[in-house]
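Chemist: If you scroll down you'll find the structure; I have some questions about it.
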Amino acid sequence: MRPALRHLPRRAVRPTPPAPRPTLTAPLPSKSRPFTSTPPHNHNHTPSSASVNETEISHFSALASSWWDPHGPSRPLHLMNPLRHDFIQRCLSTSPESTPSSFKLRYLDVGCGGGIFAESAARLPSTQSVTAIDPSPTILAVAREHARRDPALVGSKGRLTYVNTTIEELPLPEERSDRYDVVTLFEVLEHVDYPAAFLDRVGEFVRPGGWLVLSTIARTWMSWFTTKLVAEDVLGMVPRGTHDWEKYVNEDELRGYFAKKGGQWGAPRVMGVVYVPGVGWREVTGSERIGNYFFGVQRLS
Ligand SMILES: C[S@@+](CC[C@H](N)C(=O)[O-])C[C@H]1O[C@@H](n2cnc3c(N)ncnc32)[C@H](O)[C@@H]1O
């Protein structure tokens, strides 16, 4: 049996492709990433940072100063932002009775980075508040500094609050109805340790009737080719080591995870997206089984 992926040593910066050697027409791998909620007994994280991988945090912290450069390493995140809002609107329109259009939304953005999504969400007239958290103090300093340029975002009348913390440390609102309308997790799941335990915790912050919306990358030969070989090694669109292919999460693994939660979550909505150089991200039906995708699921109870 394949060992649990999270127990494997970190890969070298330049990865060797998974065997057998991928070809563009190879069938998609069928092995699934073990998706269990319990970290192994010998893991050396404290409960307050169980999901945090220090190597990942150092990697992103080193990118902090260029976070808001639309032509820098975070360019793909900048270009993805409009699709995030489109996808959230689609999710909310699935159940208009749970979030009427007059409703002002409370967002929790987990792993907010420099605040590309958090700032844009806070500017929407339909937003009541955005709480944005990230474990990296370096990145959060950049996020706070950037938000300060817009007095409407922060300060006594601002809707945006940054907190340098982990989801494990963030206090859970006591009343279930005080939890968040939309909890977002954009391009974070593939960077955490123990993703199922992480999702267990993140899911607790969604109010009944609210949505958990995330984006991540499927673990396929094609995603290795596009995100590791082309984006990191050939084109240098993002720095080497940004991604660890083995930590990618397939859409069916996420579906299985939520389906096993005893009816707590509704049927997922999914949108596959493809990055077209020079154009940006485009929705491509079915591509969620190949590479980048959005995944939204409503909390029922
Ligand atoms: C690819 S960036 C995405 C940033 C932001 N969500 C965006 O899309 O613009 C990944 C972010 O996840 C954060 N991160 C990594 N591990 C995390 C964890 N265990 N909990 C929360 N955030 C984490 C990193 O610090 C980094 O800011």
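Quick reminder: no glycine exception, Cβ is built from N, Cα and C everywhere.
Whatever TrEMBL says is automated annotation, not expert-curated.
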Chemist: Besides GLY111, ASP134, PHE186, which of ARG75, ARG84, ARG159, ARG219 does TrEMBL list for that S-adenosyl-L-methionine site?
Modeler: ARG84
Chemist: I'd like to confirm something. Which of the binding-site residues, ARG84, GLY111, ASP134, has a Cα closest to the Cα of HIS191 (Mg(2+) binding site)?
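Modeler: So, of the listed binding-site residues, the one sitting closest to HIS191 (Mg(2+) binding site) is GLY111.
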Chemist: Running a distance check here. Ligand 1 versus the binding-site residues ARG84, GLY111, PHE186, GLU187, GLU190: which have CB less than 6 Å from one of its atoms?
Modeler: GLY111, PHE186, GLU187
Chemist: Taking the Cβ of GLY111 (S-adenosyl-L-methionine binding site) as reference, which residues of that chain separated by at least 6 in sequence fall under 8 Å from it?
Modeler: ILE133, ASP134, PRO135, LEU185, PHE186, GLU187, VAL188, HIS191, VAL192
Chemist: ASP134 (S-adenosyl-L-methionine binding site) has how many other Cβ neighbours within 10 Å of its own Cβ?
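Modeler: Excluding its own Cβ, the number within 10 Å is 27.
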Chemist: An 8 Å radius from the center of the GLU187, GLU190, HIS191 Cβ atoms defines the neighbourhood of the Mg(2+) site; name the other residues of that chain inside it, in order.
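Modeler: Leaving out the recorded residues gives GLY111, VAL188, LEU189, VAL192, THR216, ILE217, HIS243, LYS247.
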Chemist: Look up GLY111 (S-adenosyl-L-methionine binding site) in the DSSP assignment and reduce it to helix, strand or coil.
Modeler: coil
